[in-house]
Structures are given as structure tokens and as C-alpha cells.
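Visitor: One structure, pasted below without further comment.
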Amino acid sequence: MKIAILSRNKKLYSTRRLQEAALARGHEVDIIDTLHCYMDISSNKPSVRFKGEPLPQYDAIIPRIGASITFYGTAVVRQFEMMGSFSVNESVAISRSRDKLRSMQLLSRKGIGLPRTGFAHSPDNIKDLIANVGGAPVVIKLLEGTQGIGVVLADTNKAAESIVEAFMGIKANILVQEYIKEAGGADIRCFVVGGKVVAAMKRQGAPGEFRSNLHRGGSAALVKLTAVERATAVSAAGAMGLNVCGVDLLRSSHGPVVMEVNSSPGLEGIEAATSKDVANMIIEFIENKKSKPHSTKTRGNG
């Protein structure tokens, strides 16, 4: 097969591993900087151009779309879908997962475990917003934040009110969530490929840090999932329509709750913690899907 990896940096671990896995399985691979692509949007022959030339017809594309380029990145993915390429994750599914509010509403609709959450822009009763999720301590998040940026733990109701007021001052959309104290600053990253959890790791925040992101100094280790945790991760991926994703869970007193579904999960942490060849599993998934006609759900209609 001819495969394109949409990535802004060919030296990144995840990009390199996907390229190595695809080449090892006998495929042709191009790495294309998503932002340097430009599109010819015509009704008879849509195309994507790069470095002054139209890109060839790819059997499959692997989008590695960073949060900061979601709008343009998903437009490029959608253009490839219109050209008939199979996308590991469809443009519409990536867009769903990047919108924190929309993704939580979709998970809620499917009855998937979530922390108690409030959403606001300019609430007329901040005290009620905080009380409605159980009161302090609460976690307050900027809707557009990534990698733990824009996430604040408020230990008291007064502190929570002050933080909400500060975010209101910059006209930000915010999420207010119950703090799952029993998780102990740890979460579980479940790596889902093709409707199955293929690897899982427990990420522990640095001492004194409630955020467990590896970018913030957290550590990772192999973890054994319960059947309920495994089913929750698979259901969350399905609710987003994502074939490949990282589902972040917290172990709460009332069962696993989903914190985030990541459409472009990194491979370095999960492969190091589990010693599993996740990149190879992704390429194998593409091979299996390409053997079936019409394997892209929306075929670019999204």
C-alpha cells in the first residue's frame, strides 16, 4: 500500500515508529507536513498539492494532527477522504474529540462514566455552578487547553469562585469538574486500535502535582485493566468514531470515569511502559480495513 503520514515533524518518535512499522511490512510511506499542504477544491477532481505538485493517490493516511492545527488539519484529512483515501481516523471524528464539550456530551449520551461536570461562559451564579458538581475541591479547565495547560485545582469554594471569575475576565469557556481524590493524581491511558484495547499504562503525576500528563513530569508503568475499564475505553472510542485513540480514565469510587479521548495519542510513553509494538498494530489495522470496501464511514461527507 501507499501510505501518507500527516505530521509536522518527521523526527518525532510517533512519526518515526509508524514509518518504520509500515516500511517493515512492505508499504510505501510518505511523511507530509500538514500545514504545507494546500488544496484544489473542485467538483470533478479534488486534490491535495504539496511543494508545487499534486500528491499521488494514497491508499491510506495516518493523521497526526496537533491540537493547535485542528481546523486546517481536519480540512486536509477531509480532502484526502474525498479523494478516496482511507483515513485511520476520520476528519469528523477528530473534530468531535478535540471539542471537549461536544465529546463529553456524546459520552454522556451513551451513558459512559464521567466526572460530574459543569460548563459555563458567563454564569450568573458561580456558587451554584460549583455546588452543582459537588463543591470544592474542583478542577477548572479552559475548554481549549491541552497537555495539562489551562487546568487548575481549586481546594476551596472561594478559590474556585476566584478562578472562574478570572477566566470570565478573559471571556473563556470553562469546564468545572468534581475532583476525583481517590485517583491519587494518577490516570490510566488505554490505547484503542480497531475497537480493542491493545495496551494500557498508569500515569502518575509528579510529587505534589495532580495532573498526570507525561509532558508535566509524570511517570508511566504497566497496568492491568478491569473488564469494566476495558469496556469503558472501547465504548468511549466508539462514541467518538475513532479507530485509533488514547482514552484517559480515572479510577473513582463509582467506577471508571473518562477524562479525555485523544485522537492523536503519542506512542513513546505507551510503547516504553508496555513493551508492545503499538505502531505495528496500527499498520496491521490499516491492512485489515483496506481489504474491506467502503471502510470509511462518511467517505468525506463529514
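Placement of Cβ uses the backbone N, Cα and C atoms for every residue, glycine included.
Since the structure is predicted, the reported quantities are computational estimates derived from the model, not experimental observations.
According to Swiss-Prot, the domain 'ATP-grasp' annotation covers 104-287, on the basis of sequence analysis. Residues or ranges marked as ATP binding site in Swiss-Prot: Lys141, Glu178, Tyr179, Asp187, Arg211, Ser212, Asn213. If you look up Swiss-Prot, you'll see Asp248, Glu260 marked as Mg(2+) 1 binding site, on the strength of sequence analysis. Residues or ranges marked as Mn(2+) 1 binding site by Swiss-Prot on the basis of sequence analysis: Asp248, Glu260. As annotated by Swiss-Prot, Mn(2+) 2 binding site applies to Glu260, Asn262, with the evidence given as sequence analysis. For Glu260, Asn262, the entry in Swiss-Prot reads Mg(2+) 2 binding site.
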Visitor: Please tell me which one of the binding-site residues listed here (Asp248, Glu260, Asn262) sits closest to Lys141 (ATP binding site), measuring Cα to Cα?
Guide: Glu260
Visitor: Mind looking up the mean pLDDT for the domain 'ATP-grasp' (104-287) in the predicted model?
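Guide: Its mean pLDDT is 91.
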Visitor: Specify the count of other C-beta atoms within 10 Å of the C-beta of Asp248 (Mg(2+) 1 binding site).
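Guide: Asp248 (Mg(2+) 1 binding site) is surrounded by 21 other Cβ atoms within 10 Å.
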Visitor: Expressed to the nearest Å, what is the distance separating Asp187 (ATP binding site) and Asn262 (Mn(2+) 2 binding site) at their Cα atoms?
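Guide: Between the Cα atoms of Asp187 (ATP binding site) and Asn262 (Mn(2+) 2 binding site), the distance comes to 14 Å.
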Visitor: Can you tell me which of the binding-site residues Glu178, Tyr179, Asp248 is spatially closest to Asn262 (Mn(2+) 2 binding site)? Compare CA atoms only.
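Guide: Nearest by Cα distance to Asn262 (Mn(2+) 2 binding site): Asp248.
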Visitor: Name the secondary structure element type, per DSSP in three states, that contains Tyr179 (ATP binding site).
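Guide: SS state of Tyr179 (ATP binding site) = coil.
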Visitor: Just name the winner among Glu178, Asp187, Glu260 (the binding-site residues) by count of other CB atoms within 10 A of its CB.
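Guide: The most densely surrounded of these binding-site residues is Asp187.
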Visitor: For the C-alpha pair, I'd like the distance in angstrom between Tyr179 (ATP binding site) and Glu260 (Mg(2+) 1 binding site), rounded off.
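Guide: Answer for this pair: 15 Å between alpha carbons.
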